[in-house]
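Here's what Swiss-Prot has on this protein:
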- H152: active site, proton donor/acceptor (ACT_SITE)
- K156: active site, proton donor (ACT_SITE)
- G7, F8, K9, G10, R11, M12, G96, T97, T98, A122, P123, N124, F125: NAD(+) binding site (BINDING)
- H153, G162, T163: (S)-2,3,4,5-tetrahydrodipicolinate binding site (BINDING)
Amino acid sequence: MRVAVSGFKGRMGHEVVKTVLREADLELVAVLDHEPKEKNINEMVEFSSLDVPVFGNLSEMLEEIKPDCVVDFTTPKVGYSNTKTILEHGVRAVVGTTGFTPEQISELRTIAESKKIGALIAPNFAVGAVLMMQFAQKAAKYFPNVEIIELHHDNKLDAPSGTGVKTAEMMAETREFVKQGAADEVELIEGARGAEYEGMRIHSVRLPGLVAHQEVIFGAEGQGLTIRHDSYDRISFMSGVALSVRKTKELETLIYGLENILD
């Protein structure tokens, strides 16, 4: 498959480039940066042996290169518009950018189905993180008192993380509604109890040195349960990205969540 990478200078995008180069059945045909200084990726020392054009305009890249799939790891500010542009050009998309609303996902799914092309948006591409979310969903049926703590590097722009929100959404499907905390609790400092989703609390931590981590803490009388996943290196996401790229060939719709393509 001929693959282009949008946001290739970001930490995740950079790792995606290396992953595409490693995979025998994937070919890197173009990269995109919002303000490129280079015309070819070989102007970067790490990729000096390659011949891959660098673009600053997404539509121009799609029309000139005509890739089979674009992998997008950019920012919440442009993630939706990028994905819409990719799909409207009839190109498959794998998107790790977060911050999509349910309405945006629905609209993008409609475009994908009208073009009969596959696309996948996932808050997290680490298989371990997907399992963590599935375990939490199952536990929430029996432990409705639960809070989420998600921890990421301090350059992450959105909070809560897509993984935190997706976990809460999945737990809400099986969990009896409980408004977490005392009915008359008072925040001495606004925001101390975190964000609220369907009665659950989500807390976001941003610190240098972190990559992507999350724990889901359940409490009940006389017992507690903690489910935690840690990504220590961004390579933990790459097997999921490669799988998703290949899977788009089999799809004619947009899938939200890596768990929906795992056997």
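Just so you know, glycine gets a Cβ as well, placed from its N, Cα and C.
Structure with Swiss-Prot features highlighted.
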residue	record	Cβ within 10 Å
K9	NAD(+) binding site	18
R11	NAD(+) binding site	13
G96	NAD(+) binding site	26
T98	NAD(+) binding site	23
P123	NAD(+) binding site	24
F125	NAD(+) binding site	25
H152	active site, proton donor/acceptor	23
H153	(S)-2,3,4,5-tetrahydrodipicolinate binding site	14
K156	active site, proton donor	17
T163	(S)-2,3,4,5-tetrahydrodipicolinate binding site	25
Sequence-distant neighbours of G7 (NAD(+) binding site) in its chain (C-beta under 8 A, six or more apart): G13, L32, D33, D72, F73, T74, T75, T97
Collapsed DSSP category at G7 (NAD(+) binding site): coil
In the chain carrying G162 ((S)-2,3,4,5-tetrahydrodipicolinate binding site), residues 6 or more apart in sequence that have Cβ under 8 angstroms from it: T98, G99, F100, P123, N124
Nearest of the recorded positions (H152, H153, K156, T163) to G96 (NAD(+) binding site), judged by Cα-Cα distance: T163
Structural state of H152 (active site, proton donor/acceptor), classified by DSSP into three states: strand
For G96 (NAD(+) binding site), the three-state class that DSSP assigns: coil
